[in-house]
Amino acid sequence: MTVREAADLLLKARKVVVFTGAGVSAESGIPTFRDALTGLWARFDAQALATPEAFAADPALVYGWYEWRRTIVGRARPNAGHTAIAKIEAAIPGTVVVTQNVDALHEQAGSVSPIHLHGSLYAPRCSSCAKPATPPEGPGDEPADGRRLTPPACEHCGAPVRPGVVWFGEALPVDALEAAVAAAADCDLLITVGTSGVVYPAAEIPQVAARFGAPVIQVNPMPTPLDDICTVNLRGPAAEVLPELVLSLPSTAAR
Ligand code: BJW
Ligand code: ZN
């Protein structure tokens, strides 16, 4: 299947959902979630660290992992894939970006108000009273191999501060999930980019679009469980495939 077929779908679309996962940030130098872990965490499975149980058992290990990731993300810049998505948004005003990523690279590329299904690295909160905590100053300055880091204490109740992300077994933010499902049910094209499609309920989003009759374009170098519901599977890196796809779009003024 070709970029040409995908471009034909994009040219006809008026309500587009772009659904992204870690792969869209891979070419910005941010490891995907299911990449092998390095440094201090080489012995751990990321899925085991992204749980409330892991944080309760060893807050310094998990907090240190997130600060290390915040440092990497803080040094990263949006790539041509993020930029192409912002161009789709500019050219087709009915576009909604839904991301599972906890970085802010869509915003930095110019996307307006992407929906963050799994939270953000920049919104820490108390692990007990849930009040927002003051984000650490600066972009992060963790060593390349990372380190254990005792989380700060909540200024209200003294409990450890935790990252403002959604861990396994936790509910997704209701407003974000509802807005994403509504956009998927109402769109006339969904583009899924750089996600393994194995984590629920996020992985339902492209499936909702397909069930409501919208074509689905997938951009991923590897096959995923979403392949079967996709109208077009473009096997390649987002930073190469998406810029080729947006070449087909007329200028914003022409639409
Ligand atoms: C490229 C590329 C390039 C590489 N270009 N592409 C139904 C069935 C089975 C299980 C469940 C179910 N419903 C719920 C569950 C349980 C669980 C779950 O899904 N488990 C499965 C893993 C089995 N889900 C949950 O627990 C969720 N909560 C929940 O259901 O709550 C219920 C509840 C209700 C009410 C009250 C209480 C509870 C929560 C899920 C939260 C997931 N959180 C994480 C961590 C976020 C914080 C952090 O970043 O640390 O989110 S896990 C992790 O996975 C992260 C990601 O957002 C998410 C998805 O990963 P993603 O983005 O797809 O990355 P990868 O690494 O998997 O894939 C990268 C892809 O990119 C690959 O395909 C590459 O090929 C590709 N790629 N280079 C394009 N250049
Ligand atoms: Zn507190």
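Cβ atoms here come from the backbone N, Cα and C positions, even for glycine.
TrEMBL names Q100, N101, V102, D103, G194, T195, S196, N220, P221, M222 as NAD(+) ligands; from the candidate set A84, A238, A239, the record adds A238 to that same site. Of the listed binding-site residues C126, C154, C157, the Cβ environment within 10 Å is emptiest of other Cβ atoms at C157. Screening the recorded positions R69, Q100, H118, G194, S196, A238 for a C-beta under 6 A from any atom of ligand 2 leaves none. If you look at the region 'Disordered' (130-149), the same-chain residues 6 or more away from its ends with a CB under 8 A from one of its CBs are 38-41, 60-61, 63-65, 67-68, 70-71, 73-75, 122-124, 155-157, 161, 164. Closest to Q100 (NAD(+) binding site) in space, going by CA atoms and restricting to the recorded positions H118, C126, C154, C157, is H118.
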